[in-house]
Amino acid sequence: MFRLGVFLLTFLLLVSMATSEYSRGRIMARASECVNECVESGHNTFHCERHCSNT
């Protein structure tokens, strides 16, 4: 019974870590997409990074 509890806790921890890494990855990807679109419309990179980190 104790082993099962330890296993479940470990499993849940791994799942939550994977989920947060995944969502952080999605946010980073969205930010770089934003910067690329912004630069393409003629702004400089510094302005775009500031603009995209605010949204």
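Glycine too: its Cβ is placed from the backbone N, Cα and C atoms.
Just so it is clear, the model here is predicted, and its values are computed rather than measured.
Annotated features in Swiss-Prot:
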SIGNAL    1-20  signal peptide
DISULFID  CYS34-CYS48  disulfide bond
DISULFID  CYS38-CYS52  disulfide bond
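Sequence-distant neighbours of CYS38 (disulfide bond) (same chain, six or more apart, CB under 8 Å from its CB) are HIS47, CYS48, HIS51, CYS52, listed in sequence order. Summary for the disulfide-bonded residues CYS34, CYS48: the Cβ-based neighbour count within 10 Å is maximal at CYS48.
In the three-state DSSP reading, CYS48 (disulfide bond) counts as helix.
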